[in-house]
């Protein structure tokens, strides 16, 4: 079978954009009941997708970004991230920010140096994006494999209106499974425990990453909403 034929067959299984755009706000599909699945279960599924499939799913998810606008001020500050490891592409989020005049930012790991016991401080800060395409942003590779950009102007998470959070899985109550580094839980823990209204914590993922239930630890910070190709779902 030729590569083009294989891609056509794989892509043909994607939902039509017109169908997805008409779905209700909370009509996010939930995968078959999975409790505390291993991370590799989802990372393998993500990596199986072809590039054109990822882009199509991201376009579908981006149709639901409009539903965030009623909760955002003009010139809202939006934290996003470089997609990698087969994640749902984030370029459509950057495109959306630029169309509406929102200010996009990227996370930086390690800007605080190390803690007193010699470990890397896990709190994230955020740098502005001045490029139309994420591919054009100058980056370096962190030791954990993430791309990141450096800039003198660093913002705290509390200065952002929204943070789009990467995830491996999320359950129907907004409990998020990350990659295990604890960067987002550490960064958002204080604002969550204090009941701060911002930043909104939004997950961005494929529908197969949404499961029935995940085990929650005391340090975990739940999401306020998720956006997938099939819709937007608010948890709180």
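Glycine too: its Cβ is placed from the backbone N, Cα and C atoms.
Bear in mind that the values here come from a model prediction, so they are computed numbers and not experimental data.
Feature annotations, courtesy of TrEMBL:
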- 87: substrate binding site (BINDING)
- 176, 177, 178, 179, 180, 181, 182, 183, 184: ATP binding site (BINDING)
- 1-13: compositional bias 'Low complexity' (COMPBIAS)
- 14-36: compositional bias 'Polar residues' (COMPBIAS)
- 1-43: region 'Disordered' (REGION)
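Mapped onto this structure are the features recorded in TrEMBL.
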{"residue": "87", "record": "substrate binding site", "DSSP class": "coil"}
{"residue": "176", "record": "ATP binding site", "DSSP class": "strand"}
{"residue": "182", "record": "ATP binding site", "DSSP class": "coil"}
10 Å Cβ neighbour count around residue 87 (substrate binding site)?
-> 21
Residues close to ATP site centre defined by 176, 177, 178, 179, 180, 181, 182, 183, 184, Cβ within 8 Å | 166, 167, 168, 185
Quick one: pull the CA-CA distance for residue 176 (ATP binding site) versus residue 87 (substrate binding site), whole Å only.
-> 15
Sparsest-packed of the listed binding-site residues (178, 182) - C-beta count within 10 angstroms | 182
Near the Cβ of residue 180 (ATP binding site), how many other Cβ atoms are there if near means within 10 Å?
-> 9
Using the residue listed as 'substrate binding site' as the reference point, find which of the binding-site residues 178, 180, 182, 184 has the shortest Cα-to-Cα distance to it.
-> 178
